[in-house]
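Questions regarding the structure given below will be posed in turn.
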Amino acid sequence: MANPNRWWDGNVGIMNPMTSSDQPPPPPPSLHLTAEDDKPILGTNSNPNPNDFDGENDEESGGGGGRGRRARGRPPGSKNKPKPPIVITKESPNALRSHVLEIGSGTDISECISMFANRIRCGVSVLSGSGIVTNVTLRQPAAAPDGGRGVPSCLQGRFEILSLSGAFLPAPSPPGATGLTVYLAGVQGQVLGGTVVGPLMASGPVMVIAATFTNATYERLPLEEDDGNEVDIISAIEFDKSGDHLATGDRGGRVVLFERTDTKENGGNRKDLEKTDSSTSRHPEFRYKTEFQSHEPEFDYLKSLEIEEKINKIKWCQTANGALFLLSTNDKTIKFWKVQEKKVKKIASMNMDPSKAAGKNSTASSSVSSSTNSYLTNGDKDKSSNNLINDFKFPSGGIPSLRLPVVTYSETSLVPRCRRVYAHAHDYHINSISNNSDGETFISADDLRINLWNLEISNQSFNIVDVKPANMEDLTEVITCAEFHPTDCSTLAYSSSKGSIRLIDLRQSALCDKHSKLFEEQEAPGSRSFFTEIIASISDIKFGRGGRYILSRDYMTLKLWDINMDSGPVSTFQVHEYLRPKLCDLYENDSIFDKFECCLSGDSQRVATGSYSNLFRVFGCGPGSTEATTLEASKNPMRRQVQTPSRPSRSLSSITRAVRRGGGESPGVDANGNSFDFTTKLLHLAWHPTENSIACAAANSLYMYYA
Amino acid sequence: MSMADEPLYPIAVLIDELKNDDIQLRLNSIRRLSTIARALGEERTRKELIPFLSENNDDDDEVLLAMAEELGVFIPYVGGIEYANILLPPLETLCTVEETCVRDKAVESLCRIGSQMKESHLVDSFAPLVKRLAGGEWFTARVSACGLFHIAYPSASETLKAELRSVFSQLCQDDMPMVRRAAATNLGKFAATVEPAHLKSDIMQIFQDLTQDDQDSVRLLAVEGCAALGKLLEPQDCIAHILPVIVNFSQDKSWRVRYMVANQLYELCEAVGPEPTKTDLVPAYVRLLRDNEAEVRIAAAGKVTKFSRILSPELAIQHILPCVKELSSDSSQHVRSALASVIMGMAPVLGKEATIEQLLPIFLSLLKDEFPDVRLNIISKLDQVNQVIGIDLLSQSLLPAIVELAEDRHWRVRLAIIEYIPLLASQLGVGFFDDKLGALCMQWLQDKVYSIRDAAANNLKRLAEEFGPDWAMQHIVPQVLDMIKNPHYLYRMTVLRAISLLAPVMGSEITCSKLLPVVVSASKDRVPNIKFNVAKVLQSLVPIVDHPVVEKSIKPCLVELAEDPDVDVRYFANQALQSIDQVMMSS
């Protein structure tokens, strides 16, 4: 390392942090929200509110809505130019919009429509057409002698359109998606048909009925059955600090945001909301807000490795100006996202009439876009117009005929933008990321190393922990999870596969290979078995809100540690002790390596973690609390008391908010609690920061439970 | 509209593109905002363009950044200083965006405008703007506010000044660490504008609070403020208020804070005067030199010379030198490297005797360091020590070090040492050079790496300049010309390169008698690459030699090459012939 650490060195000025990549607007929400009536089984504390999860009305405004309406009629100065199609538009995003296109005599129908599709950046589906055309070039596959690609045949004369159909997509479109098919009647009544390959010249006005659409999604069929469901499986879940937003990530690389709706109606500013929020006993209700594709599958050519798009972790960052910020990571790359409401702008008036400009250039693009090209090719300036401007003498009073463009804003839409990409810093798979309380740094941990980043600087990170031995054969322990202390900016904890948690003080040294505290439980003598080491591996750690307690989850237990007591855990909770005899089976089907997450309630009085058969368990961890509840995440929740004959003093009543995505029913679970379905496991869950509600993910469904 | 054919057309397009869908076009339009403003005239710029821009804050960050920059120099286009306050609203909105670099640029532009504004405007428009931002709902506005106080403060009334001070101190206690960091960063600038009375009361209180912040990142920035504040205060106040803080910081638990102290400490010595320096700062600095974190030692070692210059030689010898000795055998190569890069500068400070006695052993041990960077750093600063004790004492150790670097495995190390050879040559003198280093210079010409061969050729030229043509004739030219017989064409090419570089230095006579024949004979080479390089070299020799020589030797040779079967050779030969013709014509 020739270049020693220098990141703390004051404010680092980065000249161009604009690493954002423009993401296309997300496809319409594929999320399907079902309303479910509550069925409290034990009758305690039932929820009075009917479920009003009618999220389907949540229409995202599409990208097509923002196009300016084009002027009607013939633009001045284009007398001999064929008429452009007249467009009748009506704003209604994400729906098919119907159009009647009138195509002037002497113009090529297919070129006109394709131009139109490109201009308004919409797909155009041609439904029907009528009128007379001349000199048609068709390809008739059947007429080809070799039976393969047909030979184009040019038909001279006038024909009447019987039927016209086809589709056009704005560039860039997948090959073969665009095309026009026509049936024609000749003068002697013969009917001809085929694919249009050459010009299709209108002779006299041709009327075309067409529908435009935006956001066509490209699907490759047939769908692979497994993959179709697999990508929907939720792989990360996180509340933001205020609890007003919830984010989930899935195996398909998507991040879905939910917004709390029950506090919004109160109005007032944020702080008021917080206050009223805590005083009322309303249950949090979340509704779909937006979603975006955070990661795409990639291929590492140097290592011949596929990089999955699966989201491993999501973390929320500081909100600013009403925009939401979050970090999402897959195995290798961390991305910093900003989700902001943007006004959809419409230009109401300009100096140059675009249609007239089109006349001047006699190309498909307007003068505005043709000057784009010249600007781009000359680097950043068009020299000729540049000189023109510089030579021009401006009158002192300015030029009255110039106007500023008038912009009107109609609606707002949520725009996710990737602001920064933190890549190429991890040789192994990233298992966790965590923000620092100073608001400017975060860490990312992979199997062997922990790196420290500045949020503003994406091309540099600093290795603070490295457990890689000189010889990889000596490797006995890997990092499984790392998290910053919630308030103390210099403390972080990381857990290992050997079941230990190490606390690090960043102030001590630049390279924190030495821990300041170590939390480990001595194994009971004689209890050692083949599985001891495997099940000791900690899959997740979480700090409690004040930072005094750390909750850890290993395969069989939840452990709560006090950071002031390194002799052993404060308490240990058995999650699914009944599985201990089955460890051998679990090992054989690899379930023993499942990584369950854990969470603490906002007041650190309860802890929760998941198990198999879509069950999750909630334990009271306050002094003297013996609370232990088992809940099932399903549409028909049923409280299960498994093995532990606990006395629920004040327990969570289970009320589902079932939010399911696309996929089918989760497989039925045997209700007697003995046979367990190892394929349905509840790995991810998160506790609302201020209220007694838990969001948990079972396969592709998201459930909200609250007390 | 009927302006399409008029010269207004490009401007009309430029204006329209302010709202184009293509970000590149919007960016281009924003960059030429001044042109648009001139086209609209001052009044319409004020009434239409500026309000238009104020609403235009929903754009991409790249565009906003360009806008913030343009608006900073926009005063002439809105009608001069009289109307400068018109520019504040759009910049105010830019001060609240989330992207740091946009905010920073907007603050910079506001400061630039504010420093030109009339006092009444500052009071009526600028100060309220600062207060609005400081009370902003989101931290972004409050962060921006911190950078504006030093502009608003000087012209404010007494009551307003008091208010601004209290607003600033509130910002220093903000919930958000980002705001506190911004306040800490700007404390020095603000303090410079505050009256001495308030400086001691209000500002020192703020400073005390910041130094006790529980976020490391805030405390580090407070360290930076130490030196700035120290210079503003009277020495006795500085000793009373700043000195304890910095001494405390030098023992802070966080190595990052200590690192900052190590970087800043010498600046404070001037502020506090010699006596406290001796009693407090020297011990603090010595502690930092012996810190157990390597990063801190690196920073401290890098400041050894600067710190020693402030001290008297006795103090430096007594306190600093022992530490330097320890550092020269530090376990971290980066510490040794940082020390090596500055230690030569200590020689003039300590004087001849102490240097020979104390420093010389350290130089020698660093010259034998296993890490090439350390050795290179010593060699690069050789001239400084040469002035004090002469080079003879070092030369015994110097030579093995140079030879070892010259044969280092890594070509970048070899390249680095070649760059220093002319410096060494001038310091060591001809005699020493001939004996020991001449052979090395020739050896580099036959290196496997092109960059080294190229640098070696350049090196020969610089040596020839240093020692003169006669010396070069004796010690360089024969050896170089001998290498033209090398069987590998790449090495023969290096010779040609060296000849073309040496020729201007050697002068016409030697070029004609020694160099030119070799080049001409190389034109018979069997490798085309050599032949067209001959053509290039011949072209470069034309201005050096006399006219008859050109006619007699160079031209025939080129004419022959111009009929070569290889197309490249013909091309370069013709190029050379053309340039000869041009020279002949003009003369």
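Using N, Cα and C of the backbone, Cβ positions are placed for all residues, glycine too.
Summarising the annotation, TrEMBL assigns repeat 'HEAT' to B:10-48, B:164-202, B:203-241, B:242-280, B:281-319, B:320-358, B:359-397, B:398-436, B:437-475, B:476-514, B:515-553, B:554-587. Annotated domain 'Phosphatase 2A Regulatory Subunit A helical' per TrEMBL: B:357-518, in sequence order.
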What else in the chain is close to the repeat 'HEAT' (B:164-202), if you only count residues 6 or more beyond its ends and a Cβ gap under 8 Å?
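Contacts with the repeat 'HEAT' (B:164-202): 127, 130-131, 134-135, 139, 142-147, 149-150, 152-154, 156, 209-210, 213, 215, 217-218, 221-222, 224-225, 228-229, 232-234, 237, 241.
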So if I exclude everything within five residues of the ends of the repeat 'HEAT' (B:10-48), which remaining residues of that chain have a CB under 8 angstroms from its CBs? That is, six or more out.
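Answer is 1, 3, 56, 59-60, 62-63, 66-67, 70-71, 73-74, 77-79, 83, 86.
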Should anything in the same chain at least six residues away from the repeat 'HEAT' (B:515-553) have a Cβ under 8 Å from its Cβ atoms, list it; otherwise answer none.
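For the repeat 'HEAT' (B:515-553), the nonlocal Cβ contacts are 477, 481, 484, 489, 492-493, 495-497, 499-500, 502-504, 506-508, 560-561, 564, 566, 568-569, 571-573, 575-576, 579-580, 583-584, 587.
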With DSSP, how much of the repeat 'HEAT' (B:437-475) is helix, how much strand and how much coil, in residues?
33 helix, 0 strand, 6 coil
When you scan the chain for residues with a C-beta under 8 Å from the repeat 'HEAT' (B:320-358), skipping those not six or more beyond its ends, what do you find?
282, 285-286, 289-290, 294, 297-299, 301-309, 311, 313, 365-366, 369-371, 373-375, 377-378, 380-382, 384-385, 387-389, 393
With Cβ-Cβ distances below 8 Å as the criterion, list the same-chain residues six or more beyond the ends of the repeat 'HEAT' (B:242-280) that contact it, or say none.
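Beyond its ends, the repeat 'HEAT' (B:242-280) has Cβ neighbours at 207-208, 211, 216, 219-220, 223-224, 226-227, 229-231, 233, 235, 287-288, 291, 293, 295-296, 299-300, 302-303, 306-307, 310-312, 315.
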Go through the chain and flag residues at least 6 beyond the ends of the repeat 'HEAT' (B:203-241) whose CB is under 8 A from any CB in it; none is fine as an answer.
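Contacts of the repeat 'HEAT' (B:203-241) (Cβ under 8 Å, skipping residues fewer than 6 from its ends): 165, 168-169, 172-173, 177, 180-181, 183-185, 187-192, 194, 196, 248-249, 252, 254, 256-257, 260-261, 264, 267-268, 270-273, 276.
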What are the helix, strand and coil residue counts for the repeat 'HEAT' (B:359-397) according to DSSP?
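Its residues fall into 32 helix, 0 strand, 7 coil.
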What are the DSSP helix/strand/coil residue counts across the repeat 'HEAT' (B:10-48)?
34 helix, 0 strand, 5 coil
How many helix, strand and coil residues does the repeat 'HEAT' (B:203-241) contain under DSSP?
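Tallying H, G and I as helix, E and B as strand, the rest coil: 33 helix, 0 strand, 6 coil.
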